[in-house]
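What follows is a single structure, written as structure tokens, with notes after it.
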């Protein structure tokens, strides 16, 4: 399921990219695992409003059936809590510490802040990460970086996310990172985004900065085709 939109352009890694690539892996894995079965049987238990989810997301009804069966296989209760989410996520980054980034990512999936992610939450985010427009992906990324959900990103929030990404990558980075590398990257990007120099980045500033600066867009990896 999962740095959403990657890490900065100077960071190269032997690991897979976080949010979008893991989301893509999950979708492919579950589709391959279940598709043959779906050819012969109907999904007997569906969340309410499957047709509504089809209208609200960029998935077909068949794709939603595949995703739902896979979600139920991984989470029989129909919801996933943060501890389980962290355990699943950590499997993709065995050489680093993914717990902090998984915490932030879980909060971005848990849009209602209930402490659990339902299938509806999961598939809505997955739709954005895999098939959303650039604008939708940027808004989702802004929400990830807005840790305290006050509608703004301050430098420390950005630093917390970036540091969590580097921690998650662990030793599998090239070139080897210096301890102050995350801070240097945050300083550069925050200066570009905070256009009125008031110490915070608004959604409008974030959207404008990302769309007018090719370096920022590349660093967020919004143009990577995953479908």
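Placed from the backbone N, Cα and C atoms, the Cβ positions cover glycine too.
Predicted, not measured: the structure shown is a model, and the values here were computed from it.
Site annotation (Swiss-Prot): Ca(2+) 2 is bound by 194, 196, 198, and the candidate from 205, 208 recorded at this site is 205. Ranked by Cα separation from residue 157 (Ca(2+) 1 binding site), the binding-site residues 194, 196, 205 are led by 194. For the recorded site, residue 152 (Ca(2+) 1 binding site), the DSSP three-state label reads strand.
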